[in-house]
Every structure is written in C-alpha cells, then in structure tokens.
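What follows is a single structure, written as structure tokens, with notes after it.
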Amino acid sequence: MIIVTGGAGFIGSNIVKGLNNLGIDDILVVDNLKNASKHKNLNRIKFRDYIDKEDFNLDYLTSFVNNNKVEAIFHQGACSDTMETDGKYMMKNNYEYTKNILHICLDKKIRLFYASSASVYGNGENGFEEDEKNEYPLNVYAFSKYHFDRYLNKLFKENKVNSQVVGLRYFNVYGPQENHKGRMASVAFHLFNQIKAGERMKIFEGSENFLRDFIHIDDVVSVNNFFFENPNKSGIFNCGTGNAESFVEIAKALKEVYKSASIEYIAFPDALRGKYQKYTQADLKKLRAAGYDKPFMNVNTGVKKYAEVLEKSGGYLM
C-alpha cells in the first residue's frame with residue numbers, strides 16, 4: 001500500500017493519478033475535506049481508502065504501518081499559505097508533523113517522498129543550488145520547509161537514513177486540480193478566470209521583471225514517479241524547469257488562445273513587500289545527475305495545455 005497525504009489537494013491528487021497511471025490504486029488518501037469542494041479532486045482518481053488528516057495522527061500511523069504492508073508515503077499535506085502569520089501552527093503542521101512521519105518511515109524502512117519548497121531560497125541572491133548557503137526563507141511557511149530540510153540533511157550527514165527519502169523543492173507549480181486553493185492558486189488559474197468573467201487580465205506593475213520558474217503539474221508528477229521507480233536514489237532536489245519566465249509570458253500564452261484578452265497592470269500590494277520572490281530559477285544539476293533526463297514544458301506550452309483543461313472540465317482531471 002501507498003499513503004498519500006494531501007491526496008485531495010492540488011499536487012497530491014495529481015500524484016495519486018500518476019500512481020494510477022503506473023497501475024497502482026492500493027492507496028490510502030489522507031486529507032481534510034473541510035473545504036468540501038476538494039472532493040471534486042477525488043472524482044477521477046482511484047484509491048482504496050480515505051482518512052481525515054485530524055485522525056491520521058502519530059498513534060494511528062504507527063498502528064497502521066504495524067498492521068499493513070506500506071511501501072511508500074508521499075507526504076504532500078501541509079499548510080501552503082505563504083501569507084499565514086501563525087508561526088506556532090505552521091511549525092506544528094509543517095515541521096513537527098513531517099518529522100514524525102520521517103521517523104516512522106526510517107524505523108519501518110518505508111520509502112518517503114515529501115514536498116519541500118523553492119521558497120527556502122528567499123530572494124535567491126545566492127542562487128538556487130541545493131546548498132545551505134543559498135537558503136534564507138522570507139516567511140514562516142518557507143522557514144517551516146527550510147527547517148525540516150536542514151533536519152533531514154543532518155541525518156543524511158550522520159548516516160542515519162537507512163531507506164529512501166526524497167525531498168522535492170517545488171518551484172511555481174500550476175495545472176489541473178488547484179481550484180480549491182483560492183488566492184494561493186496559480187497566476188494562470190486567476191488570469192483564465194478573469195478572461196472568462198469578461199475582465200482584463202490583472203498583473204502587478206513591473207511583472208515583466210518578476211521572473212519565476214513555472215512548472216506544469218504533469219512535470220512535477222513525472223519527477224515524483226522517477227524517484228518512485230528508482231528506490232536507490234535519495235536526497236533533496238529542486239523540482240523546476242531550470243528556466244525563469246515572466247508573469248507577462250503567462251498572459252501572452254492565454255492571449256494566444258483568447259485573442260480578445262487584454263492586460264491591466266495593477267499596483268504591487270504593500271502586504272507582499274519584502275516577502276515576495278521576484279526571481280526563481282531551479283538549478284537542475286543535482287536532479288540531472290540523479291538521472292532525470294526528461295524535458296520540461298515551457299510556460300507557453302504548459303499554460304495552453306492547462307487552458308484546454310480549464311475550458312473542458314473547469315480545471316479538473318478528465
């Protein structure tokens with residue numbers, strides 16, 4: 001059996017679908033459906049069972065792995081709101097919870113794949129190579145991810161990791177199944193909906209200078225599957241395309257699909273000043289050295305592919 005935490009979420013549900021494509025459906029989905037709209041993310045994926053995240057505590061997980069043959073855990077569940085200001089909640093949910101899962105996996109030799117984040121690099125002034133000297137988180141969400149990565153790296157250095165553990169530092173992910181994310185959904189999602197509402201696409205002033213590494217969810221799933229199929233490879237890896245493109249390129253891609261669409265530039269919000277990554281670009285040397293050699297979609301290709309899904313199914317897997 002495989003456990004996917006956050007399995008009703010954006011990345012988690014796509015990972016379940018990716019496992020389905022490998023012929024695997026003996027999956028336990030862990031999530032919280034307090035936001036009931038997330039149930040739509042489960043409609044087109046196959047899994048054996050579901051449990052609420054609040055019930056999936058340390059005691060439950062310990063008992064479950066003692067009574068079931070668990071091959072791997074894809075830990076994608078976390079608070080991903082970069083504007084969350086409750087540091088105690090963030091550290092308990094993202095750091096302590098992940099640490100508990102890690103130690104159960106190490107004890108039982110269960111393979112662990114978990115979601116880290118490119119936000120650990122802060123403003124990126126030192127680059128985006130997987131090295132502690134490059135890491136300087138700008139908010140408490142990023143710090144929670146950074147702190148767990150540091151904890152794991154210490155275990156690696158002490159030779160205390162005796163089973164596969166892979167952390168993937170996701171860059172700016174977009175694609176199907178993110179409808180429930182609200183303000184945290186991708187720029188592509190929001191711009192598409194503005195077009196459909198008859199509005200102009202709204203992007204921040206200076207967006208042509210804001211360069212991000214935008215990665216389509218299908219590429220994220222492909223990287224996860226690569227490590228799942230290569231159990232001898234462990235470590236923390238960047239998961240981006242290796243190319244930085246501007247927010248304007250997203251708008252241009254949508255404009256190629258919706259010819260009448262236009263852009264409106266809006267003021268940059270004060271609430272984001274000093275907490276906003278203006279530039280991200282994954283360094284892929286470590287990922288490529290691990291053997292992942294597939295190409296990544298650029299913004300133009302990926303956004304058009306996403307727009308097709310948004311048009312046909314409202315943004316859900318088909």
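Cβ from N, Cα, C; glycine included.
All protein chains shown were included, and the count of other CB atoms within 10 Å of the CB of K145 (NADP(+) binding site) stands at 28. As annotated by Swiss-Prot, NADP(+) binding site applies to 10-11, 31-32, K38, K53, 76-80, N93, K145, V173, K181.
According to Swiss-Prot, the feature active site, proton acceptor maps to Y141 (among others). Y141 (active site, proton acceptor) falls within a helix when secondary structure is assigned with DSSP.
Per Swiss-Prot, substrate binding site is recorded for N172, R183, H190, F204, E205, G206, S207, R212, Y276. In the three-state DSSP reading, E205 (substrate binding site) counts as coil.
The feature active site, proton acceptor is assigned by Swiss-Prot to K181 (among others). In this view, K181 (NADP(+) binding site) is surrounded by 16 other Cβ atoms within 10 Å of its Cβ, with every protein chain counted.
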Integer Cα-Cα distance in angstrom, Y141 (active site, proton acceptor) to F10 (NADP(+) binding site):
17
Pairwise CA distance, A78 (NADP(+) binding site) versus N172 (substrate binding site), rounded so that it is a whole Å:
16
Minimum Cα separation from D31 (NADP(+) binding site), reported as the residue among binding-site residues N172, H190, E205, S207 that achieves it:
N172
Using all protein chains in view, find how many other C-beta atoms are within 10 Å of the C-beta of D31 (NADP(+) binding site).
25
